[in-house]
Amino acid sequence: MEMFQGLLLWLLLNTGGAWASRGPLRPLCRPINATLAAENEACPVCITFTTTICAGYCPSMVRVLPAALPPVPQPVCTYHELRFASIRLPGCPPGVDPMVSFPVALSCRCGPCRLSNSDCGGPRAQPLACDRPPLPGLLFL
């Protein structure tokens, strides 16, 4: 009987983890298309553009006794490989750099958040938007 209980526990633990990570409510960390905004205070317009960013679920843990042990670092969905692309803001006055660079995700991974190249905050209620009049969107993939 003990052997049967052990086997049942092993099956539940092993298949439960795989099922939870593949569920439709938890898409794994991957590149997705996102629309972002680019503007410069000195230029009269804002451009929205579509690029690829990293988004999705990364497995994490929370300690049962948080006061007794140091916190566990929580992984975030972040860039593994990326390249940079640039767009030119139209209508900028002379002497103002009209170029805006942005990252394009080629592949993603779950890892520690590095504030030097990632926004580690949670989901936003409102997407990043333009303060200036927008031009029609561009597509950069």
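Cβ atoms are placed via backbone N, Cα and C, with glycine included.
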*In Swiss-Prot, C43 is paired in a disulfide bond with which of C92, C108, C110, C113?*
C92
_C58: disulphide-linked cysteine among C108, C110, C113, C120 [source: Swiss-Prot]_ = C110
_Second cysteine of the disulfide that Swiss-Prot assigns to C130, among C46, C54_ = C46
*Going by Swiss-Prot, tell me which one of C29, C120 is disulfide-bonded to C77.*
C29
_Just to verify a number: CA distance, C29 (disulfide bond) to C58 (disulfide bond), in angstrom, no decimals._
6
_Which recorded positions are spatial neighbours of C110 (disulfide bond) here, meaning Cα within 10 Å, out of N33, C43, C46, C77, C92?_
C77
